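Asker: Features from Swiss-Prot:
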DOMAIN    83-248  domain 'CP-type G'
BINDING   N131, K132, T133, D134, G185, Q186, S187, G188, M189, G190, K191, S192, T193  GTP binding site
BINDING   C272, C277, H279, C285  Zn(2+) binding site
Amino acid sequence: MSGRSPKAPRAPSSTRVGGLVVAAHGRHYLVAPDDGGAMLQCFPRGKRSEVAVGDRVVYELASADQGVIVEIGERRNLLYRSDQYKSKLFAANLDQLLVVLATEPHFSEDLLGRALVAAEANELKPLIVLNKTDVTDALEGARKRLEPYRALGYTVVEVSIKMQPEAARAALIEHLQGHSTLLLGQSGMGKSTLVNLLIPDAEVATREISTALNSGRHTTTFTRLYPLPDSADGEGGALIDSPGFQEFGLHHLTEGRLERAFPEFRPLLPNCRFYNCHHLQEPGCAILEAVADGRIRRERHALYAQLVHEASQIVR
C-alpha cells in the first residue's frame, strides 16, 4: 500500500495555509506548513477537538506563530484511543502499524492481539518487531509464542537494536520507507530505542515539540509524527509515536468490523447457519466449530469474545 499522504484540502485565500499535524497535546496542535516554513501552534475552531496527528489541515493565521484550524482534509483512516467511558481520535492517514515486542520482559499477547485487530479493522499492514534477539535464553520461547501469528501471515522482523544497531536499522527501514507507520510498544520493549535509532534527533525534536505545545516536562504524553529520512528514490515516510499502549482500545468498533478483523475468521463467516451469528454460543456456527477442532486458537476466539463484550458496554 502506498505511503503517500491524502490530498490536502485547498486553501482558498492567502490568509489560509495548508499543513500537516505533527503533534498533539490536549487541544494544542503543532502544524508543519506545506510551504516548508516554521512549525506553529494551532487550535481547533470551536470547543470540540476533532483533529488527529497525521491530518492534513487548513489553518488561518491568528498571529505570527499561532493559527486556527478551519478545515480537515479527507482521511484515509482514523484511529482511536478508547476506554469504557470515551473514545478519542489520535492518529490519521496511516497505512502500517508496527508493534515492538522483546524476548524479555515477557510481552502481552492480549495487547498484541488488540493491536493486530486495530490494524485489520483500519486496513493497516501489521508488522511485528521482535527486539532483543541477543537475549538467547529467551529467544526460542518468544519465537514459539509468535509462531501462531506467523502462521496467520503476519510479518515478524527479528532485531537486536542495542547490540546490532546498523543491521536493525537496515531491516526496519526496508519495511518503513514510503509508509506512514504507527508505532506501539509496551514499556521495556525498546520502542524509544527504536525511535532514536531511526530518527537521530528524536530527543531534541521531542523537547522542541513539548515546548511548542506548552506541555512542559510531560514529554511522553503527546502523540507526535517524525518524518523519516528520504531514501535514494526520494521516498521517506513517517513514524507516528503514541504513548499508552494499554489505553489503546477498540470499543468504537461494531461487531461486524470485529469479526472481519480476525483473518482466520473471514473465510468461515459465510458458513455460519445464521447470517447474524455472534460466534459466541449459536448453533451451526462455523467459527465455534473451527475452535473446537483446532483450526482457530481458543486464545484468539477468547480475545474476540472479550472485545465483543467490551463493545457491548458502551452507550452509543
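Heads up, the Cβ atoms here are built off N, Cα and C, so glycines get one too.
Set these features in their place in the structure for me.
Answerer: In the three-state DSSP classification, M189 (GTP binding site) falls within coil.
The Cβ of C285 (Zn(2+) binding site) lies under 8 Å from the Cβ of C272, R273, F274, C277, H279, each of these being in the same chain and 6 or more residues away along the sequence.
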Asker: Give me the largest Cα to Cα distance among N131, K132, T133, D134, G185, Q186, S187, G188, M189, G190, K191, S192, T193, the residues the record lists as binding GTP, in Å as a whole number.
Answerer: 19
Asker: Looking at Cβ-Cβ distances, which residues of the chain lie under 8 angstroms from T193 (GTP binding site) while being 6 or more apart from it?
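Answerer: Set apart from T193 (GTP binding site) by at least 6 residues yet with Cβ under 8 Å, we have N131, I161, K162.
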Asker: What other residues of this chain sit with their CB within 8 A of the center of the CB atoms of C272, C277, H279, C285, the recorded Zn(2+) site?
Answerer: L269, R273, F274, H278, E282, G284, A286, I287, L288
Asker: Give, as a single whole number between 0 and 100, the mean pLDDT over the domain 'CP-type G' (83-248).
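Answerer: That stretch averages a pLDDT of 85.
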Asker: Tell me whether N131 (GTP binding site) sits in a helix, a strand or coil according to DSSP.
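Answerer: DSSP call for N131 (GTP binding site): strand.
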